[in-house]
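Scroll down for the structure; my scribbles are underneath it.
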């Protein structure tokens, strides 16, 4: 579990330190403006140009393309920022790629709904697996899902990407994909527990994983091919969505083999 715990710890630290900064306009409320300059511009020069605007509620980000600047403000400062850019960068023309405004009440409402959606998904999965398998299987699956969501969210935070409504949809998709992988392994474990009653529990788990390994890896690889196409060719609008799916599918495949199943072994040892 060392690798998993290390990745989760790094992700949680990043989420704690940068959580507010990573919130998209959907959840934080305020105004988001994205600009593209004709020539690369340093983020330091942008900060200097906007220093007269209240920096307490001003967030400035820059992505791979040094011509692009993303600005979030808690208040509507669109015209002030545009005027500042025109005054400070007269030789470097720019265009406005997007402007989004969300009220704080709407942002809080969306945040509540996003959290509720994740909670309902986890509770529903726990009930379903407890009914279809056993309670210990449900606990193992839920731990694996928390593992997947935390690492995917941590990766998003570490790379400075936004938590937006599409990202929440991607996290829910990761939950669905991961639980499907886990159930395939659990189903084989249940069958082998019936067929290999005289074998050691750990040996049964290991056999079940080996029997489903090729199916799990092939499914994951084909899924990753499609998601990679979305990530590299889909454009900026769905880039964060595709990024979460990429990380989530890899981590979900890992957790169904190296997290959920070992938890069952440890549970059995403590009985």
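Cβ from N, Cα, C; glycine included.
Annotation comment: TrEMBL describes 91-269 as domain 'Protein export membrane protein SecD/SecF C-terminal'.
Under the heading transmembrane segment, TrEMBL lists 114-131 (among others).
The transmembrane segment annotation in TrEMBL covers 138-157 (among others). Proximity of distant same-chain residues to the transmembrane segment (138-157), defined by a Cβ-Cβ separation under 8 Å and at least 6 residues beyond the stretch ends, is recorded for 4, 7-8, 10-12, 14-15, 18-19, 22, 118, 122, 125-127, 129-130, 163, 167, 170-171, 174-175, 178-179, 182-183, 186, 240, 243-244, 247-248, 251-252, 255-256, 259-261, 263-264, 267.
The transmembrane segment annotation in TrEMBL covers 163-186 (among others). Residues 22-27, 110, 114, 117-118, 121-122, 125, 129, 133, 137, 140-141, 144-145, 148-149, 152-153, 156, 208-209, 212, 215-216, 219-220, 223, 238, 240-242, 244-245, 248-249, 251-253, 255-257, 260-261 of the same chain lie 6 or more positions beyond the ends of the transmembrane segment (163-186) yet place their CB under 8 Å from a CB of it.
Annotation comment: TrEMBL describes 217-238 (among others) as transmembrane segment. Cβ atoms under 8 Å from those of the transmembrane segment (217-238) belong to residues 166, 177, 181, 245-246, 249-250, 252-253 of the same chain, restricted to positions at least 6 beyond its ends.
Annotated transmembrane segment per TrEMBL: 244-265 (among others), in sequence order.
For the transmembrane segment (244-265), the residues of the chain that approach it from at least six positions outside its boundaries are 1, 4, 136-137, 139-141, 143-145, 147-148, 151-152, 155-156, 167, 170-171, 173-174, 177-178, 181-182, 184-186, 189, 201-202, 205, 208-209, 213, 216-217, 220, 223-224, 227-228, 230-231, judged by C-beta separation under 8 angstroms.
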